[in-house]
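Notes follow once the structure below has been shown.
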Amino acid sequence: MKGRYEKIGTILILLLPSLFVFKGGYLQEVTGYVYLFLIQGYVAWFLFFKSGQPFFGYSVTMAIGAYATIVLTEMFQWPLFVSIFIGAVLATVIAVIMFLSTSRARGFYVSMASFLLAILFPKLIEALQPITGGRSGLYFGGLTALVGYKTLYLLVIFLTAAIVAFFLWIMGTKTGRILTLISENDRLTQTVGLNTRKYKILAYSIAGFISGFGGALYVNYTGFISSVDIEVFTTLYIFFIPLIGGSKVFYGPVLGALFVILIPELLVPVERYLRIFFGLIFILVIVLLPEGLAPNIQKLLRKMNPKRA
Amino acid sequence: MILNGIITGLIMGGILSLPVLGVAVIYGITGIPNFAIGVIGVFGGFLTWYFLSFNMGIAILVGVVFCFAIGYIIQRILLTPISERGGDSTLFFIVTVSLGFVFEGLMRAIFPRPSISLALPRIGTINIAGVTVEGFKIFALLFALGTLVIIRLLEEHTEIGKSWQATSQNLKLAKLIGIKTNRVFSIASGIGCALACVGAIFWGSLYNLNLMTGWDLGFLGFIIAVVGGIGNIWGGIISALIMGMVMSFSGYLLGGMWQSVILYFIVILVLIVAPKGILGSERSL
């Protein structure tokens, strides 16, 4: 019951910033940006932390969705929604290929292969400059031109909430429980007769599709993408979202996204010192609060209000 | 063109083999993949550049000693305690990348220029089968190979080297026979970072150093070490030389933009086909 309230609470919190649409301006712009990364953060939460799959290619699947949308719409004149769908499907294919091709390797080697793909991909985008724009990037009107910025903002908020609701729902189903079992003990799950490979492919497919769709949404909202936006640090920041926020509670990634994406936006005047601040905070959280911020904030609140505990 | 490509590739590979050696020494002994060593090495390169106008020898010494000290300290106060608490490779990956953020940020905050070139004295040119090569580049290659031989000799013939081997092969037994394993780990980490600094100094003298070079050198060093069989020093060197050639020829044939693409593509293929590298790993990740 408590878990259900936590899930409903998480979705309601996610819907709250839709009110910013009345205020508009910087607050609205930056909230939309945080939400676009929150989608990727929940993909990492689902695939890495809940399904136990050592994948680090989130910026790649996100970028495939984004670039496919622009290239198919602008260069091949495909309808926008078809391009977005194909972009998400392509990201799914890449994620599944990555899983299948590294299935002979174990643990950290799989992480490394996908992490190297995250290093390789922006370099590939730069090498393919005539098509992708390289570091100069590509501009895209997309959905903004179609429905307007405010409607798109609301769409981003509602779609993010829907995606998070989907992840929370799936983790409560039989499939979700099997994925949790795989993450806790892969061999034992096989021993009880479950086809773990099938479930892993399903996990990669879901993660790839939503990450690719999130990438397509990203480029529609920001109206621009370049190799700089998808450099290897993007994948690290996405991974840090559930890690810092706390992967054991449903709303952990929300807290993580506020921390990892919003704080740098607010600290632009002292950008020079940002990496020092971030590096130290990451180390301190990992060493002192390995469960992430959310569970510790919960504990702190319980201490402050012992009657509720 | 072929000979030119081979020579350029060997030199690139030779310089890259220094951070590779750093990764191999640290991983081979401590079992910890340290992704920050490239950034720490380049920080040392920036320090060397800062003091270069005073005296070249002292400047290089400052950079190398600083990197050794940083490597020693981070191992002692951060990485060994995490390892003792049962930290896995993914955790070390995250912690060491975060450390890299700190040092990259420090470079950004402390040094007046984001991109530098180290003006070290040149040794003239040497003619090899009609191809003119800078003497300094040959020196860089020989230095890298010499360092490898010294480390191997140290490992085989000195007490310190034997304690390295014992610690990497059986930690519990090494502790039982009185080896101060924490000290061994810290020294290995210090040496690894110092080697990365020497690599960065050569790189900064032949090309240039900027805030991102550390990540490039560190990641390249790491992936080349993975291809060779992480922790395997010989595998690492062979892999560095091969990868140097791959970079050189892909640069000649396809253009500079494709150098890294081809390199990373090959590394991913190696990881897929032979996850333990060309010569196999002395430890498993």
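Note that the numbers count up from 1, one per residue, in the order the chain is shown.
Even glycines carry a Cβ here, placed using N, Cα and C.
Remember, TrEMBL labels are computer predictions, not curated facts.
Quick look at what TrEMBL lists:
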- A:7-26: transmembrane segment (TRANSMEM)
- A:32-48: transmembrane segment (TRANSMEM)
- A:55-72: transmembrane segment (TRANSMEM)
- A:78-100: transmembrane segment (TRANSMEM)
- A:107-125: transmembrane segment (TRANSMEM)
- A:152-171: transmembrane segment (TRANSMEM)
- A:201-218: transmembrane segment (TRANSMEM)
- A:249-267: transmembrane segment (TRANSMEM)
- A:273-294: transmembrane segment (TRANSMEM)
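Between the transmembrane segment (A:201-218) and the transmembrane segment (A:7-26) there are fewer than 3 Cβ pairs closer than 8 Å, counting only pairs 6 or more residues apart in sequence, which means the two stretches are not in contact.
Remark: the transmembrane segment (A:249-267) makes no contact with the transmembrane segment (A:78-100), by the rule of 3 or more CB pairs under 8 A. Beyond the ends of the transmembrane segment (A:7-26), by six or more residues, the same chain brings 35, 38, 150, 153-154, 157-158, 160-161, 164-165, 168, 250-251, 254 to within a C-beta distance below 8 angstroms of the stretch. Tertiary proximity for the transmembrane segment (A:273-294) is limited to same-chain residues at least six positions away from its ends with a CB under 8 Å from its CB atoms, namely 240, 242-249, 251-252, 255-256, 259, 264, 267.
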